[in-house]
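Q: Dumping what TrEMBL says about this protein:
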COMPBIAS  174-198  compositional bias 'Basic residues'
COMPBIAS  199-215  compositional bias 'Basic and acidic residues'
COMPBIAS  225-241  compositional bias 'Low complexity'
COMPBIAS  256-278  compositional bias 'Basic and acidic residues'
DOMAIN    57-102  domain 'CWF21'
REGION    174-278  region 'Disordered'
Amino acid sequence: MYNGVGVQTARGTGTNGYVQANLSHVMLSRKRVDYNADADLARNEAMLTKKPDEAMIEHSRKRAVEVKCTEFEMLMESKGFEPEEIEKKVGDYRKVLLSQLANGELNVDDELDAKNSHVKQLNAMGERDRFRSAFGIKEDYVPGSSMQNMNPTLPDLNAVVETDDKKALLELKAKKKADKKLRKKLKKEKKKQKKREKKEKAARKEREAQKEKDKSKKRRKDSSSDSSSASDSESSSSSSSDSEDERRRRKRKEARRPEKEVKKEVDSDDEGTRRRNR
C-alpha cells in the first residue's frame, strides 16, 4: 500500500504488489481546455510586447560596471600596487564608468546576462524596433489599420482607437458582420452562376449534337435520292438498249426473209397503188 492506494499485502493477488499509474488512461474531463481566442490572442500579444523593468535593467548594468572594476582591481594587484592606492584608483574608475553610463557614452547591454528574463525582453524589444525601422512601421501604428486602404467601406481604425468610443466599436462590429453576409451572398451567387454556365454548356453540346445528327440524316437522304436517280437512268438506258436490240433483231429477220416473200410484198404494194390511181 502506498499513500492509501493498493492492497495491504500482495498475497493472493498474483502480483508483486507494486502500485503504479495507468499512463494509457486518458481523463478527458480533467484535460479539457476551454479556449477563448480573443483572450488568448490578447494574452500572447501582451507577453510578446511586454517591456522590461527599467530598474532591473539598470541594476544589471551596474553589475556589469562592477565587474569591470573588479577586473581593474585584479590587474592592479597583479602589478604590485598597494591596497590604498588600488582602492582609490578603483573608486575613481567606478565613478567615471557610472558617469559614462548615465550619459549614455558607455553601452554594456551586450555584456548583460542573456539568461535574465528582463534582458531577454530588452533584446526582444530591440529586435522589434529594428524590424519596425526596416519595414518603415511607425510607433503609433494600430494593427489592422492597413486593411483600410483595401476596404474603404470600413471606418478608420486609428480614429476608433484614439476616441475609444463604444458606439464606434459597435458600429465597426456591425459593419464587419454585414461584410461577412455580403461575402457569403457573393459566394452563393458565384456558385449559382457557375451552375448556370455548366447547364448552358451542356445545352450547347446537345444542340451541336442534334445539328450533326440532322446533317447526317440529310446526307443519307441525298445519297438515297442520288442512288434512285442513278437506278432510273440505268433503267432508261436499259430500255433504250432493249429497243435498239429489237430493231436490230427485226432488221436481221427482214434480211433473212426469202426473195419471193419480198417480191410478193412489192407486187401487193404495186397493185394497191394502181387501184388507188384508178
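Using N, Cα and C of the backbone, Cβ positions are placed for all residues, glycine too.
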Q: Restricting attention to the domain 'CWF21' (57-102), give the mean pLDDT.
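A: When the pLDDT values over the domain 'CWF21' (57-102) are averaged, the result is 88.
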Q: Of the residues in the compositional bias 'Basic and acidic residues' (199-215), how many are helix, strand and coil by DSSP?
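A: Here the numbers are 17 helix, 0 strand, 0 coil.
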Q: Using DSSP, how many residues of the compositional bias 'Basic residues' (174-198) fall into helix, strand and coil, respectively?
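A: For that range the per-state counts are 25 helix, 0 strand, 0 coil.
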